[in-house]
Amino acid sequence: MNSLYIAGVWQDGQGEVVNSLNPVTQQVLWSGRGASAAQVEQAVQAARQAFPGWALLSLDQRIAVLEAFAARLKHHADALAQCIGEETGKPLWESATEVTSMVNKIAISVQSYRERTGEKSGPLGDATAVLRHKPHGVVAVFGPYNFPGHLPNGHIVPALLAGNVVLFKPSELTPKVAELTVKCWIEAGLPAGVLNLLQGGRETGIALAANPGIDGLFFTGSSRTGNALHQQFAGRPDKILALEMGGNNPLIVDQVQDIDAAVYTIIQSAFISAGQRCTCARRLLVPEGDWGDALLARLVGVSATIEAGAFDQQPAPFMGSVISLEAARALLDAQRNLLANGALTLLEMRQPQPGAALLTPGIIDVSAVPERPDEELFGPLLQVIRYAGFDAAIAEANATRYGLAAGLLSDSEARYQQFWLHSRAGIVNWNKPLTGAASSAPFGGVGASGNHRASAYYAADYCAYPVASLEAGSLTLPATLTPGIRLS
């Protein structure tokens, strides 16, 4: 199978076998071989050769290609949504919103480029001070499986806009979405070698990250892989590295008047996308006492009515599956381990069908667990922690090595201001779901959640470097010479 796209040509991979499965039916959706180390090198060379021509195009010429890509995404929107749904397991309604986000990324990226990395000039003495930006060159993009179209797109679009050329290694769990996306770029008229598709798993990723011919790497995925990449790039300040690595995100609930609004916001924060968003709430901090008990009772009651279903099920489910049976087993194991260490079941996360990666929402009280693991449990499992006072809640929220998202549900603006001041996270929300990120704002965190390279609206920052110039149209002597220099 022609699984790779290098230098404008589709070719068979020579590396490890990659099979993409529907996570519910286990049907094989895509099968091929990943890129070998030699093919990675071939792609790097193709990108290097394509770089000068692409970088020297005018900004308007590159924008024209990007806008043509947006048009092709719209044309293939139904097919893309279908592909995202069947490969990730997310419901069609949600897959369609992902395609919309991919389309909207073009205009937002153009706006961001002009605002953050465009050209500025002004007089400085007898010269003109000019600020321009240049592309890095050949950059690798490692994409995740949870948003296999939108999140790689969030790196690829601003990278190409800035004049870079791209080596795209998608998740081995979602190769079909990547292939369809690249075909949209081809239809848009992107020149050969400017975007190269390298399917594959761990071995392909290692070969690409280690290739000395790349000038940068943009990654969205797990903390474990991100940390490995950071170590691999240690001592290489000449390479630009942008990492987005998720979080163990806290959501504090204060005593609010509208319990149902709180319950709805908690569910949206914890269980949308089957809990497979980087910003999903992992820890729910609830006040001790009768009000907190009532909130949890209502949350458990409503969550118990949520069923996970196939991506094309009608009527449409709120939740689809997690990405794979392996992921489902790992989440169930994590739940068992927490219960064995003192957690209490409020609503058990279950796998209704043993052969399908469908999980129901789980809610467990981990207040009594002596040493709670500070890990991102990437699925529909919400850990409840009861707190005695608001200061204690903020301290508990910050008790994590991560720092991506944090939220507060409260009727008190004063408490929100206190929470905002003391929260250690890149996204801090008030009375809105944690999962409500926007491409018109930066997206990133601190601590183990990233390396201070916020993406989304700020992706332009890591896709180009600034060049400051002092310019004068003619060479003239200054009115006053520097002391000690005589020209007569």
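Every residue gets a Cβ built from N, Cα and C, even glycine.
Here the structure is a predicted model, which means the values were calculated and not measured.
Pulled from Swiss-Prot:
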ACT_SITE  GLU244  active site
ACT_SITE  CYS278  active site
BINDING   GLY221, SER222, SER223, ARG224, THR225, GLY226  NAD(+) binding site
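Mapped onto this structure are the features recorded in Swiss-Prot.
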residue: GLY221; record: NAD(+) binding site; Cβ neighbours (10 Å): 21
residue: SER222; record: NAD(+) binding site; Cβ neighbours (10 Å): 14
residue: SER223; record: NAD(+) binding site; Cβ neighbours (10 Å): 20
residue: ARG224; record: NAD(+) binding site; Cβ neighbours (10 Å): 11
residue: THR225; record: NAD(+) binding site; Cβ neighbours (10 Å): 18
residue: GLY226; record: NAD(+) binding site; Cβ neighbours (10 Å): 22
residue: GLU244; record: active site; Cβ neighbours (10 Å): 27
residue: CYS278; record: active site; Cβ neighbours (10 Å): 30
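Neighbouring residues of the recorded NAD(+) site, listed in sequence order and excluding GLY221, SER222, SER223, ARG224, THR225, GLY226, comprise PHE219, ASN227, ALA228, MET245, GLY246 (Cβ within 8 Å of the Cβ centroid).
Of the recorded residues, CYS278 (active site) and GLY221 (NAD(+) binding site) place their C-alpha atoms 9 Å from one another.
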